[in-house]
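J.: For reference, the structure I am asking about is given below.
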Amino acid sequence: MLKVGILGSTGSVGSQALDVIRKYKDQIKVELLGASKLSENLINQIKEFKPSYVYVENAEEKSIDDIKVLVGEDGLRRAVNLDLDLFINAIAGIKGILPTYLLLKYNKTLATANKEAIICLGELLKDKYKKILPIDSEHSAIFQILKDSNQKEVRRIILTASGGPFVNMPAEDFENITVKQALIHPRWSMGKKITIDSATLMNKGLEVIEAHYLFSMPYEKIDVLIHPESIIHGMVEFVDGTVISNMSNPDMKIPISYALFYPERKFLSDNYLDFTKIKSLNFLKPDTEKFPLLKLAVECGKKGGVYPTVLTVADEIAVNYFLEERIKFTDIHKIILETLEKFDYNKLDSVDDIFYIIDKTINLATEIAKKYGST
């Protein structure tokens, strides 16, 4: 019986992980569920899966139905120290950084969809990344292709992007994009923050940085292509000209299942590709004039140091302001760029430095976002 813990169980990825586990309750025991608050959704999950422990960021309860409730940072440290076979970090955004750090520090096997943690922890924990099973569809695709390959044989890896809802919209119309429009993703069902990042192509830029660390791949060997059908999730081109791709219908449960049962594969549904119904597979170079955040993210990745962390945190602040309808869609790029230009701290020698940089960036980006919100 595989013993699993899920942090962020009430979010999009966490909920889909539980959907997979429901099919294999005879093989998987959920020992830990975690969320930011003791919501009705979490309580229903507790009743169904009956974990031994529950982690909640903020709560007064000490137990629920005789299940131990772990609260706050002390509770988190206890949760990640549990003797489990696999932890899934499905926490969205920068809140997922501390759990990732602790899990890697304690040498736990980690399946993660939290790219922010990989990007911010960067070089400091790169020797630990071999313990990670990626859940992002693109990184899972590359992971599956590369696992039996020698990196010297790789010419480049290619991450695909749907292009988001605005790939065919004229740039001059971007200023009037609404939150409702930006949250309608053409292919994937995801959380709000990552859906906005997909609309700006920031998500793909962050994925380039993540791929650099996860696969020890030079930036010069990482390419991005717009692929509107979202059938091919990633490709690896080898030095002999061979290209191997990972293809499936767009469904997050597939990479989640692969991480859960690695190295085995399990039946999920009859939602197989019907190649006779695929009329075409299209690939385009991303327009970085129209979507400048993709280019900015890659530039920050190449610079290294504090830049990837500042970029990541500033993006989260700006996206939240947009989701609250306090700024325009086009202000997201402006806020991130101004935060990067005004950030004045360069020391990055320890994990403590990372958390200091995060706090400092939150304050600076919030101050800048408020300025745009008042115009």
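Cβ atoms here come from the backbone N, Cα and C positions, even for glycine.
Take a look at what Swiss-Prot says about it:
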- Thr10, Gly11, Ser12, Val13, Lys37, Asn114, Glu116, Gly191: NADPH binding site (BINDING)
- Lys115, Ser137, Glu138, Ser162, His185, Ser198, Asn203, Lys204, Glu207: 1-deoxy-D-xylulose 5-phosphate binding site (BINDING)
- Asp136, Glu138, Glu207: Mn(2+) binding site (BINDING)
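Can you tell me where each of these features sits in this structure?
T.: Taking a C-beta cut-off of under 8 angstroms and a sequence separation of 6 or more, Val13 (NADPH binding site) has the following same-chain neighbours: Ile88, Ala90, Ala92, Ala113, Ile135, Gly191, Met252, Ile256.
Around His185 (1-deoxy-D-xylulose 5-phosphate binding site), a 10 Å sphere centred on its CB holds 18 further CB atoms from the protein chains shown.
When other Cβ atoms within 10 Å of the Cβ of Glu138 (1-deoxy-D-xylulose 5-phosphate binding site) are tallied across all protein chains shown, the result is 27.
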J.: In whole Å, how far does the CA atom of Glu207 (1-deoxy-D-xylulose 5-phosphate binding site) lie from that of Asp136 (Mn(2+) binding site)?
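T.: Checking the Cα atoms of Glu207 (1-deoxy-D-xylulose 5-phosphate binding site) and Asp136 (Mn(2+) binding site) gives a distance of 9 Å.
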J.: At the level of the C-alpha atoms, what whole-angstrom distance separates Glu116 (NADPH binding site) and His185 (1-deoxy-D-xylulose 5-phosphate binding site)?
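T.: Pair distance, Cα basis, whole Å: 21 Å.
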J.: What does DSSP call Gly191 (NADPH binding site) in the simple three-state scheme?
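T.: DSSP assigns Gly191 (NADPH binding site) to coil.
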J.: For each of the binding-site residues (Lys37, Lys115), count the other CB atoms lying within 10 A of its CB, then report the residue with the highest count.
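T.: Highest number of other Cβ atoms within 10 Å: Lys115.
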